[in-house]
Amino acid sequence: MSKANYSSVSEFVFLGLSPSRPVQDFLLAFSTVCYGTIVLGNLLVVFAVIFDPHLHSPMYFLLANLSFIDLCLSTLTVPKMISDLCSGCKTISFQGCVFQIFVLHILGESEMVLLTAMALDRYVAICKPLHYLTIMSPRMCLLLLRGAWAIGLLHAVVQVAFVVHLPFCGPNEIDGFYYTYRMEFMVTANSGFITMGTFFLLIVSYVFILVTVWKRSSGGLCKALSTLSAHISVVILFFGPCIFVYMWPFPTVPVEKFLAILDFMITPLLNPAIYTLRNKDMKMAVRRLCSQLLSWQKIS
């Protein structure tokens, strides 16, 4: 491919989720409500953990960072889609595409590592409760968080380096609402192996936790399963679409669009609900935070 043809591609055009105007109007209302709820729900979790002394523990520290990453993942794509649906201008520059890919890989890989850290936290809390505060010290929590972001950054640099200098063969129309690219085999295999490896590592850790608890006391198995259920639900929501994308041999555009909505709107919406509704401490903290906000509003 000539250099002239390569340099001529300066922007891409999003075809969106549907060409039908009534469907677009519905998607505009749906995505606006979803994004508003995502921002509200995840910020409530973050601020509840920051301002409530009862939640100053390793589990809630990691949970707050998970909510922050979910909020960033949704913000990366959904506001752009809402803006495109409102204005009708559905273009993005080549540099914007590269930036979107880069940040998407940082956030996605960081969330994988963070979910692994949360599984480690649950293992120590259930299997080594007497050593929990010693092992999961504030220093260890910060180390896990820094490691998650460092691994995410390294992963993004490696992934984007494979494709950013390759000539683009067109067309410049993207059938979706965010930039996806057909990656080279090595990049696809790399992401697929990392995703599958992390998912199976988490599943093995859950099985090990439950077997350990069952050997100690069969009555404690139900309690351990109840403790892990929220985390397992979040893991399935996050890894399910990723695994389907990499493992399904016959991808279709409607399926990919559905998975994109699941990744960027449904999962960030459900994660704070799952953790809040199944956790008494979190529910009480959110209520206290809402009461404080209402009292401040009355005073002002």
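A Cβ is built for glycine as well, from the same backbone N, Cα and C atoms used for every other residue.
Proximity of distant same-chain residues to the transmembrane segment (26-51), defined by a Cβ-Cβ separation under 8 Å and at least 6 residues beyond the stretch ends, is recorded for 16-18, 60-61, 63-64, 67-68, 70-71, 74, 78-79, 81-82, 85-86, 265-266, 268-269, 271-273, 275-276, 282, 285-286, 288-290, 292. What TrEMBL lists as transmembrane segment is 26-51 (among others).
According to TrEMBL, the domain 'G-protein coupled receptors family 1 profile' annotation covers 41-275.
Through the fold, the transmembrane segment (58-78) approaches residues 31, 34-35, 38-39, 41-43, 45-46, 49-50, 100, 103-104, 107-108, 110-111, 114-115, 117-118, 121-122, 125, 132, 136, 140-141, 144-145, 148, 177-178, 234, 260, 263-265, 267-268, 271-272, 275, 281-282 of its own chain, all at least 6 residues removed from its boundaries and within a Cβ separation under 8 Å. Residues annotated as transmembrane segment in TrEMBL: 58-78 (among others).
Per TrEMBL, the feature transmembrane segment maps to 98-120 (among others).
Feature annotation from TrEMBL assigns transmembrane segment to 141-168 (among others).
Marked as transmembrane segment by TrEMBL: 188-213 (among others).
Per TrEMBL, transmembrane segment is recorded for 225-246 (among others).
The transmembrane segment annotation in TrEMBL covers 258-277 (among others). Listed as Cβ neighbours of the transmembrane segment (258-277) (distance under 8 Å, sequence separation of 6 or more from its ends, same chain) are residues 17, 31, 34-35, 37-38, 41-42, 44-45, 63, 66-67, 70-71, 73-74, 76-78, 176-178, 180, 230, 233-234, 237-238, 241-242, 244-245, 283, 286.
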Remote residues contacting the transmembrane segment (98-120) - C-beta distance under 8 A, at least 6 residues beyond either end: 59, 62-63, 65-66, 69-70, 72-73, 76-77, 92, 144-145, 147-149, 151-153, 155-156, 159-160, 163-164, 178-179, 181, 194-195, 198, 201-202, 205-206, 231, 234-235, 238, 242
Cβ contacts under 8 Å made by the transmembrane segment (225-246) with residues that lie 6+ beyond its boundaries: 66, 108, 111-112, 115, 118-119, 122, 125-126, 188, 191-192, 195-196, 198-199, 202, 206, 209-210, 255-256, 259, 262-263, 266-267, 270-271, 274-275, 278-279
Sequence-remote partners of the transmembrane segment (188-213) [C-beta within less than 8 Å, at least six residues beyond its ends]: 109, 112-113, 115-116, 119-120, 122-123, 126-127, 155, 158-159, 220-221, 224-225, 228, 232, 235, 239, 242-243, 246-247
